[in-house]
Amino acid sequence: MENSEGVKIESTVVTEEPLISALDIALFVVIITVAYFWYFKRDKQSSSSEKKPYTIQPSSLSSIEQTSNSSFIKKLKSTGRSLVVFYGSQTGTAEEFAGRIAKEGARYKMKGMVADPEECDMADLVEMKEIQKSLAIFCIATYGEGDPTDNAMDFYEWLQNGDADLEGLNYAVFGLGNKTYEHYNEIAIYIDQRLEELGATRVHEIGLGDDDANIEDDFVSWKEKLWESVCSHYGIEETGEESNIRQYKLVDCSEVLPERIFSGEISRLKSYENQRFPFDVKNPYLSKIAVNRELHKSGDRSCMHTEFDIDGSKMRYDTGDHVAVYPKNSSELVDKIGELLNADLDAVFSLLNTDEESSKKHPFPCPCTYRTALTYYLDITSNPRTHIMKELIEYASDPKDQEKLKLMASSTPEGKKEFHEWILRDNRNIVHILEDLPSVKPDLDHLCELLPRLQCRYYSISSSPKVYPKSIHITAVLVNYTTPTNRVNKGVATNLLAQLIPTNDELPQPTIPIYIRRSQFRLPPKSQTPIIMIGPGTGLAPFRGFIQERDYARKEGREIGEMVLYFGCRKKDEDFIYENELQEYVANGTLTKLHLAFSRDQPEKKYVTHLLEQNADELWNIIGEKSGHLYVCGDARSMAKDVHSIIVKVVMEKGQMTNSQALNYVKKMEQQKRYSADVWS
């Protein structure tokens, strides 16, 4: 409008003595228009490439370039490959397993590639039969309450809703799960069965990995039998060639300009300096720490109440959601690796995939310094897996160190025992291994290739957006423990958070990258529905948000249902977190009943499960007679299982049902989202 008015005024003034002709004006407008659309299109393409949109239906691919990028079949055919390994990974383990299988394929004359189903057109599975002796392997994790991983969600839904003819597709599935959860390996089991239903041929039986025991052992055992089945199915023999081939090659980046070097960003260069909404797993928000205070009153343990400032970020969360926190490794451990390997941690480098067809060009953001990689991108505190032991053998100059590594890398009973005792039981990380096997001096770039990615940590949000729309609260216990080798291991995220104390002066406040992960852990739609919450220790976190939300509704004049909370801790005078808040909610009527169990305040230990058994009538009144909701948050290994058993027992006795009927009743509660669990192992 302003430009139009400007042109009109100018044309009026120069009527008698024109300085700019009508043709000049027209050309100027055309140039401006072309420049605008060129810039807008470029920006849109840039944004699109960052988000990597994915759809499973080929009809939605609007260009040849899109089809080419998402077609794993074309990549297989153009590079003479017959093996593709898909991964559904939330923490990186399934992706790591997929890479190991693809790498070993060469030993069986099957050149392989790793593929992310989110970046592929999975409908192309119907064309796998066109490739001779082809095989698709799926390394699929189940997380949460039987949910697919984020990157496998579209594939999972495609299998559920579609009816593709997969005859001629040869496949095998390995699942990654945890037996402490009710829905153990549910997604992998479904995919294995569904592929068969659609006509595909199972080459080897499904493998079920249990992360509560030894998932590495489960995987290696399954993988060995997998290759036996593959050889039998295709009539091939193992070549005997070792698969210790580097997946990435080292590139010296000492001449790269400083502004082109990553310094800890997750995906986009300078993303922390130039923040862009929306914020997600690849684009976290750099949040200021608004509050960080101790919740325990005494004792030798620590529990933190931390508040992340999201004011102005456009981020929104719901009560019951999780917040992901991106940690960084301690400088002490990072410096130790540099010292042990006599390496220049400030050298700038890049790791470039030797497979030019791979969609994953680097294992982490490159170029960067070794210090940045070890601080922000690599997991140096967890127990390394057996394949890392195998890769370290060539770097051991002492025969004793070599033999120890060979033994732990083997699948013999003696090797598994040694790995379990020396690595898992003694809780050694890569730093400890390099310290205790002093002749092992791997190239630092190779070590960076081998180590898994440092993952974000998830915490239940302990606030309600109705009450705190501009901040996210979490409740976290500081993790510190002494290992059998008398080393002190520290939790990566909680020890970082403990150091981020906001100041009262004008100094820049401490920050940390975060994003919100949606959850199904939700309050009932109607505020008058009664609920029971069971959350000992930091399991109280999401219920603090639940109570805040119901309290907000009560203050607005709305009717709220009964709220019964079961909370337990060791000692009332030490670790009764949020005590004053909870007592206030009881006093104002928001919290109907507060059942407390202090396990060490009396000779005989008392837990929330004991209180549940004592209050069977109240429990049945709410979940049976009033169709209320029941929530459990906390330890999955024992507490959540015990609660489930008690609920079934109460339903049997008070509802006058058989064991089978009670189990079905509880199952129906879960299906109706009237029985929800937010648990961890």
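Glycine too: its Cβ is placed from the backbone N, Cα and C atoms.
Per TrEMBL, the features are as follows:
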| type | residues | note |
| --- | --- | --- |
| BINDING | 89-94, 141-144, 176-185, Asp211 | FMN binding site |
| BINDING | Arg301, Thr538, Ser599, Arg600, Lys605, Lys606, Tyr607, Val608, Thr609, Asp642 | NADP(+) binding site |
| BINDING | Arg457, Tyr458, Tyr459, Ser460, Thr475, Ala476, Val477, Tyr481, Gly491, Val492, Ala493, Thr494, Trp680 | FAD binding site |
| DOMAIN | 83-227 | domain 'Flavodoxin-like' |
| DOMAIN | 282-524 | domain 'FAD-binding FR-type' |
| TRANSMEM | 20-39 | transmembrane segment |
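Overlay of TrEMBL feature records on the structure.
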residue: Gly92; record: FMN binding site; CB count, 10 Å: 15
residue: Ala141; record: FMN binding site; CB count, 10 Å: 30
residue: Asn178; record: FMN binding site; CB count, 10 Å: 21
residue: Tyr184; record: FMN binding site; CB count, 10 Å: 17
residue: Arg457; record: FAD binding site; CB count, 10 Å: 19
residue: Tyr459; record: FAD binding site; CB count, 10 Å: 24
residue: Val477; record: FAD binding site; CB count, 10 Å: 17
residue: Gly491; record: FAD binding site; CB count, 10 Å: 18
residue: Ser599; record: NADP(+) binding site; CB count, 10 Å: 16
residue: Thr609; record: NADP(+) binding site; CB count, 10 Å: 20
* By Cα-Cα distance, the member of binding-site residues Gly144, Ser599, Tyr607 nearest Arg457 (FAD binding site) -> Gly144
* Structure fact -> A correct count of other C-beta atoms within 10 Å of the C-beta of Trp680 (FAD binding site) gives 16
* Measuring CB to CB from Thr475 (FAD binding site), give everything in the same chain under 8 Å that is also at least six residues away in sequence. => Leu295, Cys303, Met304, His305, Tyr459, Ser460, Ser462, Thr538, Leu540, Ala541, Arg544, Ile577
* Asked: Any idea of the Cα spread of the NADP(+) site, Arg301, Thr538, Ser599, Arg600, Lys605, Lys606, Tyr607, Val608, Thr609, Asp642, as a max distance in Å?
  -> 26
* To do: Report the nearest neighbour of Arg301 (NADP(+) binding site) in space among the binding-site residues Tyr181, Tyr184, Val477, Gly491, Trp680, comparing Cα positions.
  => Val477
* Work through the binding-site residues one by one (Ser599, Lys605, Thr609, Trp680) and name whichever has its CA nearest to the CA of Gly92 (FMN binding site). => Trp680
* In the domain 'Flavodoxin-like' (83-227), how many residues does DSSP put in helix, strand and coil? -> 65 helix, 35 strand, 45 coil
* Looking only at Arg457, Tyr458, Tyr459, Ser460, Thr475, Ala476, Val477, Tyr481, Gly491, Val492, Ala493, Thr494, Trp680, the residues listed as binding FAD, what is the longest Cα to Cα distance in Å? -> 23
* Cα-Cα distance linking Ala141 (FMN binding site) and Ala493 (FAD binding site), given in Å to the nearest integer -> 23
* Mean of pLDDT values spanning the domain 'FAD-binding FR-type' (282-524) -> 96
* Cα distance, Tyr181 (FMN binding site) to Thr609 (NADP(+) binding site), nearest Å? -> 18
* Asked: In sequence order, which residues at least six apart in the same chain have a CB under 8 Å from the CB of Gly144 (FMN binding site)?
  -> Ser519, Gln520
* Asked: Looking at Cβ-Cβ distances, which residues of the chain lie under 8 angstroms from Ser89 (FMN binding site) while being 6 or more apart from it?
  -> Glu95, Ala98, Cys139, Ala141, Thr149, Asn151
